[in-house]
Structures are given as C-alpha cells and as structure tokens.
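Listed in TrEMBL for this protein:
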ACT_SITE  B:D66  active site, proton acceptor
BINDING   B:H62, B:H64, B:H141, B:D213  Zn(2+) 1 binding site
BINDING   B:D66, B:H67, B:D213, B:H271  Zn(2+) 2 binding site
2 protein chains.
Amino acid sequence: MKFEITILGCGSAVPTLQRNAAAQVLNVLERYFLIDCGEGTQQQLRRFKVPYNKINHIFISHLHGDHFFGLIGLLSSLSLQDRKAELHVYSDKRLQEIIEFQLKVMNTRLNFPLIFHHLEREPALIYEDKALTVRTFPLKHRYDAPVTGFLFTEKERERTIRRDMTDAFQVPVAFMHRLKKGEDFVTPDGEVIANCRLTMAPPAVRSYAYMTDTLFRECFAEHVKGVDLLYHESTYGNEFEDLAKETFHSTAGQAARMALLAEAKHLLLGHFSSRYPDPTPLLKQAREIFPNTDLCYDGAVFELPVAKRG
Amino acid sequence: MKFEITILGCGSAVPTLQRNAAAQVLNVLERYFLIDCGEGTQQQLRRFKVPYNKINHIFISHLHGDHFFGLIGLLSSLSLQDRKAELHVYSDKRLQEIIEFQLKVMNTRLNFPLIFHHLEREPALIYEDKALTVRTFPLKHRYDAPVTGFLFTEKERERTIRRDMTDAFQVPVAFMHRLKKGEDFVTPDGEVIANCRLTMAPPAVRSYAYMTDTLFRECFAEHVKGVDLLYHESTYGNEFEDLAKETFHSTAGQAARMALLAEAKHLLLGHFSSRYPDPTPLLKQAREIFPNTDLCYDGAVFELPVAKRG
C-alpha cells in the first residue's frame, strides 16, 4: 500500500553539489514512476537505492536540460544491463527526436522497446492502470519550452469485507464481489442488510501533484484541487518576485498560495536557485501562508500513509 | 610549473557509485584541458574543485555515451554562468551534430563561441600553444566508434641564465635571449665562454598519454614512446582476456605490456568494469609486468614534478 516520493534532485538550471538536477521517483505499490530526469539521475537512483529497472514510465515536464539531460544515460545503462521490458516516456514530442538522433548517430539499438507518448497542451488522462491514473495540465514557462504538470491519483479501491459480519448473516461467497462494490445484501427472508454493516470503506485515495518551472497563475489550482501532496517549484524567495516573473519561475510565497488555493494538504518546495545554499528562508516564507510546507533535499522521502476516509 | 592530472571519473560503460563515467582534467600551468566528459562530469568538476570555467579545450576520445553524455550539461551550465570565452571541442565530427541538434531543438544559443575540431584517423598535431602540444593517434574499438588516443607534451623550455656567471663574464643584457637559446658567448677579447657555463639546462619536458577503449596492439606503443605518465584502460583483469577482445577492450596485463613497450615511466589503470568494486587484483596483475603502476580513483590527482634532465 506504499505511496511514496523520493527526491533524486531538487536543484535548478545549474546543479550544485548539494542539489542535483530535477528528478523524482514515485513508488505506488512497488511500481516506480520517474518524474523528470536531469543529468546524473541514474547515479542518484543508485545512491538512493531505487530499483530502477522497475521503472516502466518516465514523465518529463519540459525540454530544459536540467529536466532531461540524464535520460540518454539512463536509457543506455538500462540497455547495457539487458533490460527487456517496455519503457514508456511521456514528454514533448521533440524529446523523441533528441533521443533517437543520438541513438542513430551512435549506431545504438536499445535492448528494450522505448515508447514515446507526446504530451499535448490540453489537460489529459495520459496513463491508467488498476491502481493509478496520471493526468496532465499545462503550466506556463518560456514560450519555447511548453511545460506540463502531472497529477498522480490512486484509484478508488473496493470496500473491505467484514468477515465476522458476512459469516453472521451467512452471505454466500458468490455475492462477495458485489458487496465489495457497495451493494446491500438481501437475506433469503427478504431482510435488507445495509452494505455498511458488512463492509468497511476503503482507505482514502492518495494523490501527488508535480508543478515545476512555471509562473504562478491562480487558475492552475483547479487542476490539483484537494491534492494530498503538492510539489511546487520555488526557484526564488519572495524578495526576487520580479526575477521569478522575468525567468518564468515562482517564489516560495507563490508556491504556498498555490497550495492554499488548491486546498492541498501538504506542500513540498524544490527547484531552488543555486543562490540558496540553504533554502530555509524560503520555507519560512511559504509557511507564513501555508504552514504544512516542507523543503525537498536530495534523498528526501515523503510517504503518504494509508488514511481512513475523512 | 604545474603538470597534473585529476581523475574525475574512471568507470566504464555503466557508472557505479564509486566510479563516475570517464573524464579527467589536465592542468598545465593553470591551463585546464578536459579529456572525455561522461555524464556527471560537471558535478565532478565541482566536487574536486576544478575551476572549470578555465577549461578552454575539451578532447573527446570517441562517441560512446560514457565518454560524452556530460558535455551538453557542462556547456549549458557554462552558458548559464555567462561564460564568454571560446570553447574548443576536439572530437568525432558527429559529436558536433549531436550537440547542435540538441541546442537547436531546445532553441538554446550558447553565450560563448563553441568551436568543433574534427578528429581524423591519421596521427596529427591538433593543438599547440607556447607551452604544450597535443597529438592524436588512432586506437581500435568497435567499428562504429573510431577512438582516438591523445598525447600531451610540454614544449622544450629555454635554458636558465646563471646570473652569477653572466655577471662575472659581463654578458650584456642584449645577449641574454641568445644565451637562453644555447649560444656560446664570445667576450670582447675573443674568449669563447661555453653556454653550459653560463646557463643551466631547462627542466625535462613532461608528457601524458591517454589511451582508452581500445584493443591491445603492439604498434600503438610507437605513438607514446618514452611518455612520462600513461593512462591506459584496463576494463578487465587478465582472466577476461577473451571478453576484452570481444568487447574491444584491454586487460590489466595488456595495459602493462603497452607501458613496457612504450618505455613509459608510470602507468595509470582506469575504465574499470563495474564487476570490479575493488580493482586491486588488476593492479597486482599489471605490476607483475610493469611495477610502476597505480590505480585511478575518482578524485585522484597525479602530479608530474619538475625534473632535472636525466
């Protein structure tokens, strides 16, 4: 029942020794989803003991180097380590050109199928399995680097059978799957036993949103309404609001306002400018607006516990 | 008078946490020359405190990713840090295509002139300044990845004036530059004072050779004859000589034989396969043939001291 994010890098354009270029990995029930892949990501995956051959899906927010320069190296290593399973990359379509051009020039054929999915500018459901959905929404960065936000949401689980109660009411095994979906049970005598007496509600669904390299726009909040954990870039402190605007980035205060508008439960700040060896002042600024805020650091792990429905 | 090599990465195709992908920096009198640039090189330059904005020349041995995937990130960071000085890259011409294609797709214009020099398959003098020459020679790797060896050699310096002796013989200042070049001095009385009484020989010239990703071939030794310090790949131990041949690499024993044939003074082993967390057995194998051998490790610094002419 794991739902956990590991920060592999939370630096910005120029990495520092404290902060690698952007990359994170989301572990949902031992399925691993890589989000951005700056230079050195394969080393960070090793450093933080992520079983990276289990990554089957990679999401790239936009085509600035600090978000994708590590992809070609990761693909090469996976191929050399004889990966066979399909690997899916969701990105600006030009990333496919960049990767395929390099592979062609190097005369390299990957050992595994590499499948690109091109992100569009409209909100979309881009991935779905039995436990998770991934939705995209457009953010606003430099005109030549369209950037995409990602929302990872667990699917609603079935209700949990209360074995003591189903025994007591002699519910037949064949009816259990209907119970799990919420149906009431009618006894042979015609008595209606309310579903809530026979089952327990499943845990609340958990969700994680990733918003990086973007100007602050109030309207973005609608895409991540009620999210449990929001990662929002905070390249600068509030003192550089003009610079943030000029470079199409956000301040700590703006990240906090986004969390507030979105009614998020918890905010993570990252993508810090190299001018902040210690980003604690940014944390303070954000907490004035949104108290439940934390700072990312390379290697940080944030787990969303299984929670009862509120 | 510094002549010093810093190992930034000495891993092979798949990097490990102990060993980054291939990269080294040669410091000749505070001029910095980067040799290969695997993924993560910019971080290694920071880690080992190399003033990387002083690098003006980058030499790439061949187009396997572990030797150049870090170049695009380094270029981007230099540009973001507002470098203005020309940067020269010496490589297979296809590297220019790879880099320019990425910059074009990203709509990025570097802040500094990036000048590519295409390496050919014939031995050549590719670089020369007042203190140093760089020569290339072809090595033998996979057919689709022509690989180049590099030989860095100090230029012969002028002789050093013995001020006490030139005072004693009243050598005029105007004659000093001829003394430095080795001329004898003739006094007004017609007495010939041998140059060796008035000057001292300059220090011996120092040289460094870089040979990576290559099969062992006796004939390669001629290109690095008498080199002071030879870096030679040793991807495998002697027990994998067949595998080395199959993958176009060398063993520790072959690296040592190359040092012996070339009459090198000192051998460095590197480019270790990830199957050797500890490459000490390779050192032992090499030393049986060529005792003055050392192992590279990331961050190792090997300085060639100024030495009297032997």
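Just so you know, glycine gets a Cβ as well, placed from its N, Cα and C.
Apart from the site residues B:H62, B:H64, B:H141, B:D213, the chain places the Cβ of B:S61, B:L63, B:H67, B:R142, B:A145, B:V147, B:T212, B:T214, B:F248 no farther than 8 Å from the centroid of the site's Cβ atoms, the recorded Zn(2+) 1 location. Each of the binding-site residues B:H62, B:H64, B:H67, B:H141 was scored by the number of other CB atoms within 10 Å of its CB, and the largest score is that of B:H67. In sequence order there is nothing to list: of B:H62, B:H141, B:D213, B:H271, none of the binding-site residues comes within a CB distance under 8 A of chain A. B:H271 (Zn(2+) 2 binding site) has its Cα within 10 Å of the Cα of these binding-site residues: B:D213, taken from B:H62, B:H64, B:H141, B:D213. All protein chains considered, the CB of B:D66 (active site, proton acceptor) has 28 other CB atoms within 10 Å. The local packing around B:H271 (Zn(2+) 2 binding site), expressed as other Cβ atoms within 10 Å of its Cβ over all shown chains, amounts to 29. On a Cα basis, B:H67 (Zn(2+) 2 binding site) lies 10 Å away from B:D213 (Zn(2+) 1 binding site). Of all Cβ atoms in the protein chains displayed, 28 besides its own lie within 10 Å of the Cβ of B:D213 (Zn(2+) 1 binding site).
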